[in-house]
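K.L.:
According to TrEMBL, the transmembrane segment annotation covers 20-39, 76-97, 128-150, 185-209. Look at TrEMBL and you will find 42-75 tagged as domain 'Connexin N-terminal'. Marked as domain 'Connexin cysteine-rich' by TrEMBL: 141-208.
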Amino acid sequence: MNWSTFEGLLSGVNKYSTAFGRIWLSLVFIFRLLVYLVAAERVWSDDHKDFDCNTLQPGCTNVCFDHFFPVSHIRLWALQLILVTCPSLLVIMHVAYREAKAQRLREAGGDSRHLIYANPGKKRGGLWWTYLLSLIFKAGVDVVFLYIFYRFYRNYTLPRLVKCELPPCPNVVDCFISRPTEKNIFTLFMVVTACVCVVLSLVEAAYLIGKRCRECLQAGGGQSRR
């Protein structure tokens, strides 16, 4: 995927989002995706190579590294970003489906667009539910990955020294993690931005639900006056 295609997708997501959704998109693109691509990958590029243990026992270093780093931060973040951004693309696909359906009906027999969608891109009916569920799914994905990071790396931090006594290590050996301070800074940065994204998604979902309830109450009040 080239940058022009990616830019088109971003503009499509931005077009059908609320103000909260546009802030969420900017946060994901600037503070998560770009930081991941530009800096985070390089910080973790030497995590295995520079993981040193004070033993020459073959296999001990690999076993200890696998124990303390069961899944790489980089791979977890990549999977998290993919799962978080996919629901926004589903909203675009839903809008494209509605527009294509309206176009087919216009070509089949006159201008029947208003019989189906007054505005195919307006969040009504099934598109409203798709958008709302996408917000809940995005918030849920971030919460799940925050829990996974917490389970794998307690308090989201890496110690400078870890002690390993797993076979085939001959005894308790000391292992040293490469650049733990720098990695902790990036980890906390990604955790904070993920928490902010969760809050934005939940606020936007509450805004959509509140707006829909207000419209339903106004419609019901108008009918009762008539």
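Cβ coordinates come from backbone N, Cα and C, glycine included.
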K.L.:
Find the member of 20-39, 128-150, 185-209 that has more C-beta pairs under 8 Å to the transmembrane segment (76-97) than any other listed stretch.
P.N.:
128-150
K.L.:
Counting each residue once, how many in the domain 'Connexin N-terminal' (42-75) are helix, strand and coil under DSSP?
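P.N.:
DSSP composition of the domain 'Connexin N-terminal' (42-75): 14 helix, 2 strand, 18 coil.
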K.L.:
Determine how many residues of the domain 'Connexin cysteine-rich' (141-208) DSSP places in helix, in strand and in coil.
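P.N.:
Helix/strand/coil tally for the domain 'Connexin cysteine-rich' (141-208): 44 helix, 8 strand, 16 coil.
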